[in-house]
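Visitor: Below are the structure tokens for one structure; questions will follow.
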Amino acid sequence: MRRLRPAHLLRTVDLAGTALFALQGGLTAAAAGLDVFGVLVIAFVTAVGGGIIRDLLLGDTPPAVFCDLAYPITAFAGGAVVVLLYTTVRDVPRDVLIPLDAAALALFAVVGAAKAIDHRMSPLLAALLGTVSGVGGGVIRDVLLGGVPLVLRSDVYAVAALAGAGVTAVGLRYGAPRVLVLALGAVVTVVLRLVAVWQGWNLPRVAG
Amino acid sequence: MRRLRPAHLLRTVDLAGTALFALQGGLTAAAAGLDVFGVLVIAFVTAVGGGIIRDLLLGDTPPAVFCDLAYPITAFAGGAVVVLLYTTVRDVPRDVLIPLDAAALALFAVVGAAKAIDHRMSPLLAALLGTVSGVGGGVIRDVLLGGVPLVLRSDVYAVAALAGAGVTAVGLRYGAPRVLVLALGAVVTVVLRLVAVWQGWNLPRVAG
Amino acid sequence: MRRLRPAHLLRTVDLAGTALFALQGGLTAAAAGLDVFGVLVIAFVTAVGGGIIRDLLLGDTPPAVFCDLAYPITAFAGGAVVVLLYTTVRDVPRDVLIPLDAAALALFAVVGAAKAIDHRMSPLLAALLGTVSGVGGGVIRDVLLGGVPLVLRSDVYAVAALAGAGVTAVGLRYGAPRVLVLALGAVVTVVLRLVAVWQGWNLPRVAG
């Protein structure tokens, strides 16, 4: 796996995103009535599922999450926090969770797109792969919990990831400075997502 | 990715199959009440899911669909047609859709089997992989939409794909002419599928 | 694929585990009302799904099950037995099935962990991968049948696999004799699973 530069900063932020996705996945699983083990499993797959799909599709195996112990440990730690402090975590207000989640989504989307460009994919496919990195964990979570993935039903979420990943992919493909492009892509995703939530934007249904 | 010969003809037909599967997936998603983005996503995974699973299992990564822009563009175009022309597409009669779908199923099944034989798999496994190529996209579609995959419940569908893929795999393994074998396999799938629909064939349930 | 030693014994036991998981998967599918083909498919994916996920994550493609005809034949044979002898198989008492299932779970878990150690994964990740090998087929079965995977809800099952896989991974990593470590890991899984069933152990729910 090629490291993005500045690698240490990105890895720290990446782990923060992993922790947050693990918290969310664990909360969803606990609310669905799963036991301790089920909560840990769902927290884990929510946090690392997107990256695993990304690396499988890139042929970059074993996936990064299986090569750096910090990722699974962080993912399980997020699940363990839910198990140990459920009533506290449950009460974290939505106004705190949503921006944090948007940040995690943005980070996974731009890192995924950058990794695809590093593997010489075209910008369109890199943008798709970045989106899959961002939303894949949540899709696996929802399928395992027996429902239609939220991302297919809810307000502008994957579209925000796609926009940020697209900006990143196009920028890197045409040689713009890496740090700048990644930051810009992340900002696009976060802003689009937060404005969508704030304004109650939803895409129209196709069938009336 | 090794090209089948005559490559241009096959690629054209392959893209036609991709477009048709995208239309079907998009229609199913629209009828399930998804929004514009959800319809595009389901159209995409229905159209390319089988090929992605095939290439992951063959270790041929990134999957072909991520190496040739025509595939994702065709898949999204199929979804976009559903979004823009929903009421028209919805009213295409079943007597038109089912033969087209059988043709797409047949093509994916024989191409998948041929690719597996090129990777030196045994005919039995190549036939299985061809079947997975043909039905995989629909399975992902149904799982994401929260249901039991139709292919596990409905009339002779996967069996038709298996028969055509099997003919192809055995024929190629024993050195019969490539174009002939592929055409024969495709005809087997199409005929078996259409006769099954026409006669109302269903396999028996196991539990009374 | 590196063979474990003594290879012949292990392959025999591995095939026995494959057959048993196929029987179980087929029974579940028949009870869910699937037709003959659906029962065979679910039997197949239950029996080989865990190993396929394991090999995809290790980058060891095509997966072992696609390289050794004995595995798919055994898996389909298990499904065929359900189809042909449904009423007999259905009546096999739980006291026979559960120990056999625990043995299959144990075997898949320790073989998966050993394979991951052979690929130079850390013991923690090898234990996770062994667990996935053990429970993965059942998860795919339950998702295809439209439910929440049993392993996320039921009594100590994946935890038993994790314990055995962990013992195996740590033992092999620190150079203990291979046969001894695999046997010990398998015993840990079987004993933990059977005691859990016998005592009615369940992990607590997180949300009251």
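Quick reminder: no glycine exception, Cβ is built from N, Cα and C everywhere.
Per TrEMBL, the features are:
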type: TRANSMEM; residues: C:12-31; note: transmembrane segment
type: DOMAIN; residues: C:13-86; note: domain 'Glycine transporter'
type: TRANSMEM; residues: C:37-57; note: transmembrane segment
type: TRANSMEM; residues: C:69-86; note: transmembrane segment
type: TRANSMEM; residues: C:98-117; note: transmembrane segment
type: DOMAIN; residues: C:100-170; note: domain 'Glycine transporter'
type: TRANSMEM; residues: C:124-144; note: transmembrane segment
type: TRANSMEM; residues: C:156-172; note: transmembrane segment
type: TRANSMEM; residues: C:179-201; note: transmembrane segment
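So that I understand the layout, could you describe where these features sit and how close they are to other parts?
Guide: In the predicted model, the domain 'Glycine transporter' (C:13-86) shows an average pLDDT of 89.
When Cβ-Cβ distances below 8 Å are used as the criterion, the transmembrane segment (C:69-86) is approached by residues 11, 15, 18-23, 25-27, 29-30, 36, 39-44, 47-48, 51 of the same chain, each at least six residues removed from its ends.
A Cβ distance under 8 Å defines the sequence-distant neighbours of the transmembrane segment (C:156-172), meaning residues of its chain 6+ beyond its ends; these are 102, 105-106, 108-110, 112-114, 116-117, 123-124, 126-131, 133-135, 150, 178, 180-182, 184-190, 192-193, 196, 201-203.
Sequence-distant contacts of the transmembrane segment (C:179-201) (same chain, six or more residues past either end, CB-CB distance under 8 Å): 4-6, 10, 98-99, 102-103, 105-107, 109-111, 113-114, 134, 155-157, 159-161, 163-168, 171-172.
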